[in-house]
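**Student:** I am attaching a structure below and will ask some questions about it afterwards.
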């Protein structure tokens, strides 16, 4: 039996990160967590490219362009969508998730969904480096693992 698993060694990997400026007090912490996770696993600062976009709805297009460029072994998407009083939250979350998934499937490059979708600001803060860890860091580790899984399959 052959088992395929990705390791968590990031040396030599080139990583793109798309991060939304909306709710930057949260997304900035996710970005810091992602960069920390990447560099602790061997990814060089010079191999990380960060693209800022206005909001979560804009993330998929830039993620797809980065993935299709074949300059990156993986792309991480970071955002924070916090529920408000209207249905806008549902549309943005749904389209962001679908778009990120499409970017990965269309390009063949791992595109990691690190967009927080929370009911409250407190939940977002918890997931950006306090009680619930840092989801940016977790997305970075997922990106490394998936890039290495795909290298094994190549």
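Each residue, glycine too, has its Cβ placed from N, Cα and C.
Straight from Swiss-Prot, here's the annotation block:
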type	residues	note
ACT_SITE	88	active site, proton donor
BINDING	22, 56, 57, 58, 80, 81, 82, 113	5-amino-6-(D-ribitylamino)uracil binding site
BINDING	85, 86, 127	(2S)-2-hydroxy-3-oxobutyl phosphate binding site
**Student:** Please report the DSSP secondary structure of residue 85 ((2S)-2-hydroxy-3-oxobutyl phosphate binding site), reduced to three states.
**Tutor:** coil
**Student:** Out of 56, 82, 85, give me whichever of these binding-site residues has the highest number of other Cβ atoms within 10 Å.
**Tutor:** 56
**Student:** Comparing the binding-site residues 22, 57, 113, which residue's C-beta has the most other C-beta atoms within 10 angstroms in this structure?
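**Tutor:** Per the Cβ count within 10 Å, the most buried is 113.
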**Student:** Tell me the Cβ contacts of residue 58 (5-amino-6-(D-ribitylamino)uracil binding site) under 8 Å, same chain only and six or more apart in sequence, or just say none.
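**Tutor:** Residues satisfying the criterion: 20.
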**Student:** For residue 80 (5-amino-6-(D-ribitylamino)uracil binding site), write down the residues of its own chain that are at least 6 apart in sequence and whose Cβ falls under 8 Å from its Cβ; none is a fine answer.
**Tutor:** 20, 22, 23, 26, 27, 30, 56, 115, 116, 118, 124, 128
**Student:** With every protein chain in view, how many other Cβ atoms are within 10 Å of the Cβ of residue 86 ((2S)-2-hydroxy-3-oxobutyl phosphate binding site)?
**Tutor:** 8
